[in-house]
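One structure is given below, encoded as structure tokens.
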Amino acid sequence: MSFDIAKYPTLALVDSTQELRLLPKESLPKLCDELRRYLLDSVSRSSGHFASGLGTVELTVALHYVYNTPFDQLIWDVGHQAYPHKILTGRRDKIGTIRQKGGLHPFPWRGESEYDVLSVGHSSTSISAGIGIAVAAEKEGKNRRTVCVIGDGAITAGMAFEAMNHAGDIRPDMLVVLNDNEMSISENVGALNNHLAQLLSGKLYSSLREGGKKVFSGVPPIKELLKRTEEHIKGMVVPGTLFEELGFNYIGPVDGHDVLGLITTLKNMRDLKGPQFLHIMTKKGRGYEPAEKDPITFHAVPKFDPSSGCLPKSSGGLPSYSKIFGDWLCETAAKDNKLMAITPAMREGSGMVEFSRKFPDRYFDVAIAEQHAVTFAAGLAIGGYKPIVAIYSTFLQRAYDQVLHDVAIQKLPVLFAIDRAGIVGADGQTHQGAFDLSYLRCIPEMVIMTPSDENECRQMLYTGYHYNDGPSAVRYPRGNAVGVELTPLEKLPIGKGIVKRRGEKLAILNFGTLMPEAAKVAESLNATLVDMRFVKPLDEALILEMAASHEALVTVEENAIMGGAGSGVNEVLMAHRKPVPVLNIGLLDFFIPQGTQEEMRAELGLDATGMEAKIKAWLA
């Protein structure tokens, strides 16, 4: 989309943060209004993360106005809220390409702009990185400032508190801004509290506090009295005791939509020494009423008509794999009151909304705490219950030691329902489910299943749920099922594949939902097609049978080739000294960028055309 200067006259003056800082303060509320309208206009045309960015407009303007970015270093946690940041930092005219193949990255990305200090996508990393950046800046000695912006969801993760605990110990000069976007402004936010925040962050208060500490430091009773007096004054109106105990100077909460007030407070805090903590209250979806009323639905949006206030309804076609899982979960829970379901803040994405309503006493959203989710499941299993951890492939990486140490070594019957396995599309490198087969396959006695359609997905979930000799995992992709008939649930024989088609010379061993594409290739090349079903344990007898009766084998998976299912097939053949040639088709050895799933599969040669071309070139 072309930028309409007449529609956004103030925003048109800002092609960089240097130009932003030349604007008079009085024009900034108008700039915020235009920035918010431009965000609505652009995202509604292109799709993308939406409600979070609407809530951080004033904060973004204030931070870039007060701090000398990019010299001063601004870090955004996760990055859903960073669209206004991208618009103000030279990427305004490209914002319509965000999350598209070859377009702007969905999150702050170091390779895209010097303003993006840290590449992000997973939550709760900003403070840890910020401490390192602040320590490096201190050693550099150029008075470079460091600011981290973290949301109220991301700050619940243990990593954020580990970082704050460390910051309180080594006391780097840095600012952490907590963007608290609950549904309404806290009743503490008002004229008195904003005035107090500016007073407590001001130089007079700071110098009096530090001077008083020095004067009375040798008189323990007076020193303790001063400390307690300060805490009591702040404690009457601020909820920052926890952050103060961690060693931060806490200011807030303040109105995160008062851009001029934010600028005053940030200017006061900019030169304070040691770790500083600013708590701001914002409203997710601010300025667009439908998003304010339903920020979860408007968190990430497809293209939509902003005048209608409604997102396009689903065409009502095939169900998603997430829904297939959610329906199976409810069906199983109705028959077995031992079932317990756990998610790390992914209720909607994992298809668990209905379950959470029907079985609230057996539904546990542990927030952004993947490590805790897995070990909590271990505890439930020890207690005689049947835990299911519903988690995205990319987020299970964060709990790898817990899978190993707390579940697998103890052979606990925990079922991992791994959503978003394989290529996920528009969220790019940080969210592709490229590695789960590789990092799970090496865990002793782990059962790993790869369904080829929604019916197999249900059967495998059922099989894993009733497997009591250790952990099991079922991995399935983002997107819709293929439309096969659902049959009554029954346990599958562990470690057994099935031959779907008999051909000649070439056998294709398929792992997972690339099966429809593999079937087209098998038909075209008159190849045998095998649905392997299990990555662990592998059906060694079937692999050896295929090796004995065919001239070559091809493995197909939507996982990294390195260490994946195909690697397992190679290991079986080598262990049995079978000299049959094998072509492994899967995800290559690089981080896969954003694009639609169809675009990226075509580019990587994972559609039928690409697979057939790879096989023919290999056989030539």
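Cβ coordinates are placed from backbone N, Cα and C, and glycine is handled just like the others.
Per Swiss-Prot, these features apply:
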BINDING   His80, Gly121, His122, Ser123, Gly153, Ala154, Asn181, Tyr288, Glu370  thiamine diphosphate binding site
BINDING   Asp152, Asn181  Mg(2+) binding site
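Mapped onto this structure are the features recorded in Swiss-Prot.
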{"residue": "His80", "record": "thiamine diphosphate binding site", "Cβ within 10 Å": "26"}
{"residue": "His122", "record": "thiamine diphosphate binding site", "Cβ within 10 Å": "20"}
{"residue": "Asp152", "record": "Mg(2+) binding site", "Cβ within 10 Å": "15"}
{"residue": "Gly153", "record": "thiamine diphosphate binding site", "Cβ within 10 Å": "19"}
{"residue": "Asn181", "record": "thiamine diphosphate binding site", "Cβ within 10 Å": "23"}
{"residue": "Glu370", "record": "thiamine diphosphate binding site", "Cβ within 10 Å": "27"}
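Closest in space to Asp152 (Mg(2+) binding site), of the binding-site residues given as His80, His122, Asn181, Glu370, is Asn181, taking the CA atom of each residue. Taking every pair among His80, Gly121, His122, Ser123, Gly153, Ala154, Asn181, Tyr288, Glu370, the residues listed as contacting thiamine diphosphate, the largest Cα to Cα separation comes to 32 Å.
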